[in-house]
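Features reported for this protein in Swiss-Prot:
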TRANSMEM  1-23  transmembrane segment
TOPO_DOM  24-30  topological domain 'Cytoplasmic'
TRANSMEM  31-53  transmembrane segment
TOPO_DOM  54-99  topological domain 'Extracellular'
TRANSMEM  100-121  transmembrane segment
TOPO_DOM  122-129  topological domain 'Cytoplasmic'
TRANSMEM  130-151  transmembrane segment
TOPO_DOM  152-179  topological domain 'Extracellular'
TRANSMEM  180-202  transmembrane segment
TOPO_DOM  203-225  topological domain 'Cytoplasmic'
Amino acid sequence: MFSLISAGVAPGVALLSYFYLKDEYEAEPLSFVLRMFLFGVLLVFPIMFIQYVLAAEGIVASPAAEAFLSAALLEEFVKWFVVYFFVYDHDEFDEPYDGIVYSASVSLGFATLENILYLLANGVETAIARALLPVSSHALFSVIMGFYFGKAKFAVKKRRYYLWASFLLPFFLHGVYDWLLLAKERWGYYMGLFMLALWWAALRKVKQAKGYARPQAVPPVKSQA
């Protein structure tokens with residue numbers, strides 16, 4: 001049991017550590033990061049219940065509906081909601097890269113408990129595949145989300161546009177990911193290409209977010225009198 005739970009926890013903790021340590025200006029308070037991680041953990045059960053109801057009522061009768069409605073829309077919106085209402089206006093969100101750290105915290109909390117439950121049901125032999133696909137995909141969706149949260153927080157213009165992008169892009173990518181899994185026809189080939197493109201895009205966003213200048217307060221103008 002210990003080895004199974006360890007296998008379930010390790011990918012999420014490793015990915016969160018990676019994104020956390022990439023913050024080169026000022027590391028975020030670990031207590032706040034862990035709080036957001038636990039928020040993500042707590043999201044699993046209500047989301048699973050809603051997904052069960054959607055399936056039982058026949059609302060998600062097709063692979064596309066299951067991928068984009070039951071999985072992508074529900075999961076990404078709830079994670080977006082948590083980051084927006086608990087992090088976006090927080091004093092600790094003081095540089096663009098912080099959006100990635102906190103979005104990853106919520107998403108990887110969710111992905112970690114989901115991963116543990118899956119391994120308990122299907123065995124530890126699925127751990128590597130789970131780490132490479134579901135856990136890492138949640139992390140990569142969160143990088144896109146967090147990047148645009150950072151843009152929205154500190155942009156002078158287009159803040160509403162970036163906020164919409166912080167939800168719509170992860171939602172779309174998550175929907176495509178689940179649809180490829182459910183399509184089954186040559187899914188391994190297309191999924192490999194999709195994940196490579198997703199990793200490339202996410203790491204590029206990490207680099208871009210790190211490169212943005214940290215916002216500085218404008219010094220007051222001294223009186224000439």
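Quick reminder: no glycine exception, Cβ is built from N, Cα and C everywhere.
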Going through 31-53, 130-151, 180-202 one by one, which has the most CB pairs that fall under 8 Å from the transmembrane segment (1-23)?
130-151
Which numbers of helix, strand and coil residues does DSSP report for the topological domain 'Extracellular' (152-179)?
24 helix, 0 strand, 4 coil
Other parts of the chain folded back onto the transmembrane segment (130-151), taken as Cβ under 8 Å at six or more residues beyond its ends
8, 10-12, 15-16, 19, 76, 79-80, 83-84, 87-88, 95-104, 106-108, 110-112, 114-115, 118-119, 158, 162-163, 165-167, 169-170, 173-174, 177, 191, 195, 198-199, 201-202, 205-206, 208-209, 212
Which numbers of helix, strand and coil residues does DSSP report for the topological domain 'Cytoplasmic' (24-30)?
1 helix, 0 strand, 6 coil
DSSP-assigned states of the topological domain 'Extracellular' (54-99) in counts, ordered helix, strand, coil:
29 helix, 0 strand, 17 coil
